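Before any comments, here is the structure.
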């Protein structure tokens, strides 16, 4: 299935979770948050949250700014 | 110099010894940022939330942790209340803080706040339990509305972000200070130390700045200047300045002059 991760289309196997998709872009153990279709998914729920085709996942962290 | 612990900045019940809040944007490297933050004496510093960059080396969060500075995520780059609320929620999840510097800008050329979206976002975030510190126009009415919806501070601009134009409407800043029941933090437009001192002399409770330090030729030196400027302006405010007079008032006695 195709998932949009941070604006980029990614191919993931059926049954893949938020944790799988996050792992494509970062291995950071903290300081990262994810939103699935504009809803925040807490880190504790990443492995239990299954993705569906065409889902949009945003994975953010803190950068210099402000 | 007054002991800052005797005159803390208190936001939402939390006390800070420094009245200088810094941003991290614009620093040429994390090493320069670290030196500048240390020299500034700041205890609260903003970061932005962006998509993770797999090629990034080092994290601004490591620098803040090493400096013992509390992190204040912002919603920079958001144009709507919806974007800002989602960004704030992501920041809360990523950084474990419910404090947010709320920015909702109207356009990229001026980066001025969009007041309609700003109040909408502030209401939503306050209702969700956030401690909201909104970046706002130097508009006393808008500042009052933000306080009324439950913001923990109001942060009026001196002039547009990154412009270094200083405080363009000191009268409005004074009006905001007079009416506010929450801390007033002068945010944006500071160019040099005298601007920061003026903000404090006008009665602001703190100053938030980034570019003036991070893009200065010597960031750590300017950070030190800002630290002293904010402290000096605060002391001058507490001391109470003399009234302005139209004509001179001799400071030496006229009596007893030679030849009289």
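Count begins at 1; order follows the chain as displayed.
From the backbone N, Cα and C atoms, a Cβ is placed for every residue, glycine too.
Binding site for 1-deoxy-D-xylulose 5-phosphate per TrEMBL: B:188, B:189, B:210, B:211, plus B:162 from the candidate set B:150, B:162, B:240. Every protein chain shown contributes to the tally, and the Cβ of residue B:211 (1-deoxy-D-xylulose 5-phosphate binding site) ends up with 20 other Cβ atoms within 10 Å. Other residues of the same chain near the 1-deoxy-D-xylulose 5-phosphate site, with their Cβ within 8 Å of the Cβ centroid of B:162, B:188, B:189, B:210, B:211, are B:23, B:160, B:161, B:163, B:164, B:190, B:209, B:212. Chain A has a C-beta under 8 angstroms from the C-beta of B:210, taken from the binding-site residues B:162, B:188, B:189, B:210, B:211. Within its own chain, residue B:162 (1-deoxy-D-xylulose 5-phosphate binding site) has B:26, B:111, B:188, B:211 as residues 6 or more apart in sequence whose C-beta sits under 8 angstroms from its own. Other Cβ atoms within 10 Å of the Cβ of residue B:101 (active site, schiff-base intermediate with DXP) number 28 in total over all chains. Annotation note: residue B:189 (1-deoxy-D-xylulose 5-phosphate binding site) sits in a coil segment as assigned by DSSP.
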